[in-house]
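Below is one structure, written out as structure tokens; comments come after it.
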């Protein structure tokens with residue numbers, strides 16, 4: 001590589017945020033350098049070998065709609081696929097894939113190495129070069145200075161990382177990898193608001209020492225789902241089952257009797273852990289009335305004997321881990337191949353970021369992933385694609401972009417972070433979105449792919465496939481709205497109809513009946529409806545069956561759009577707004593919301609405060 005090369009964008013970190021950031025920047029045509037401490041670990045799944053789940057699967061679909069890497073890699077590495085909440089409404093259905101770690105890394109690396117405008121270099125970063133309030137490059141561990149017009153930091157749990165097993169602790173970014181101590185210090189010297197968070201991982205078990213006969217088998221779905229809109233089931237490797245087991249009262253007794261050896265309960269760990277992925281110690285303390293907890297026994301891959309016991313994350317001493325693991329059903333003779341541990345790391349208050357994930361202090365420095373206080377591969381990847389894209393757009397002198405809350409779960413994620421901050425690792429759920437009927441997994445491409453194409457993120461293959469799908473949906477919907485189902489068709493549908501038709505109706509109206517699907521309409525030769533793939537007929541059915549609810553949410557969004565379009569100047573000093581409480585003034589001055597709607601989402605900012613802001617804007621003749 002040319003050390004004198006001026007890169008447009010340097011991405012630091014090769015995890016899920018970093019790989020999406022680097023690919024996004026390169027797709028936009030700017031010269032991009034991805035720096036990682038180990039090229040062999042690009043796209044490494046540091047904890048659970050799985051992609052997707054409730055809320056998370058929605059993010060993966062949105063990343064895919066923007067031509068990101070995660071869904072394609074999950075399809076190529078997924079060894080079990082399931083649709084969660086399949087019996088519930090379409091808003092909360094979510095895809096989840098158990099993944100082979102090795103195949104996932106391979107899939108990500110293949111995408112990185114085949115991407116134009118992208119160079120990969122193995123070096124840890126120790127420092128940033130700052131001149132005139134802008135970042136001008138990075139300094140690596142071996143003293144190389146690499147110049148850049150923008151930098152994206154995606155450093156995961158490596159900043160000041162400290163690993164805990166019982167009362168023993170040592171520096172580490174994850175087991176077997178060194179932390180970024182020098183970079184952590186450099187960032188702290190920039191006076192950015194910093195905190196500490198904690199996460200953990202369970203011990204790994206040798207599959208050959210497990211008695212699966214005591215467990216419940218959990219096979220994947222048939223037909224096997226896919227993650228990517230461009231994917232097919234033929235992309236998947238061999239499919240395998242997971243299993244379910246449970247802790248016992250003996251497990252709980254051992255853990256209770258050893259809580260004094262837990263670094264969390266002994267006060268050794270300062271960082272706050274993830275609320276929705278608690279350690280087994282936390283579960284037993286917080287849910288003391290429960291006599292057992294469920295454990296998902298998940299394979300780590302097709303070429304390894306290691307098993308991931310999802311549900312027993314722990315930082316207890318290794319000898320205690322051995323004791324309690326062997327009280328779990330089917331684990332009586334278990335051999336632990338790797339101990340569980342907790343890891344503490346630095347994160348920076350995301351309220352110091354704009355919605356484009358650039359730091360307010362240094363506008364060409366972008367943060368994505370766990371550095372912003374999130375947890376999870378999917379949350380990291382979603383931030384990565386936005387940060388990398390915006391770094392490239394900034395270089396090109398184009399308007400930066402982030403989806404709104406009503407456009408994508410990515411928008412919900414980023415708005416939550418920059419508006420409310422987080423005191424604990426942030427995880428996405430469907431319940432965080434106000435408009436989740438609009439933000440479904442099945443329509444992520446309809447929501448985002450056209451915008452991705454306009455921005456330069458979406459390539460020709462995806463655009464051609466999407467355009468054909470959208471045309472098929474629109475033309476078929478037009479047919480349904482202009483075709484009639486007659487009363488005499490009652491006989492044709494007598495096996496399906498809960499109540500016979502009393503009058504003729506349009507086919508689109510007939511499809512709203514819960515017992516009727518698109519296949520029923522194909523029975524009517526005079527409609528001349530086309531045979532369509534399942535993903536298209538599903539979209540048509542949802543759009544018709546939920547039309548009233550969807551219209552209602554659209555109306556709510558239009559009402560709120562006025563506040564979204566009421567911009568608040570960055571230079572506005574909220575001390576000048578008459579009538580605001582000191583708490584509201586303090587929060588508004590710190591966060592500097594960009595719109596009246598964002599101000600309203602800040603904790604403690606009341607409707608009365610928003611009215612005062614509107615009055616102030618009008619009095620000051622500021623644009624409203």
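Cβ coordinates come from backbone N, Cα and C, glycine included.
Owing to the predicted nature of the structure, the values given are computational and were not obtained by experimental measurement.
Among 180, 184, 313, 431, only 180 appears in Swiss-Prot as part of the FAD site alongside 13, 14, 15, 16, 17, 18, 125, 370. In sequence order, 17, 155, 156, 157, 197, 345, 347, 380, 425 constitute the residues six or more apart from residue 370 (FAD binding site) in its chain with CB-CB distances below 8 Å.
Ranked by Cα separation from residue 273 (NAD(+) binding site), the binding-site residues 13, 15, 125 are led by 15. Note: the CA-CA distance between residue 15 (FAD binding site) and residue 277 (NAD(+) binding site) rounds to 20 Å. In sequence order, 293 are the residues near residue 287 (NAD(+) binding site), counting only same-chain partners six or more apart with C-beta under 8 A.
With 13, 14, 15, 16, 17, 18, 125, 180, 370 listed as the residues that bind FAD, the site has a largest C-alpha separation of 18 Å.
Cβ neighbour counts within 10 Å, taken over all protein chains shown, single out 17 as the most crowded of the binding-site residues 17, 125, 277, 285.
DSSP assigns residue 370 (FAD binding site) to a helix. For the recorded site, residue 125 (FAD binding site), the DSSP three-state label reads strand. Cβ environment of residue 283 (NAD(+) binding site): 290, 293 lie under 8 Å away, each six or more residues apart in the same chain.
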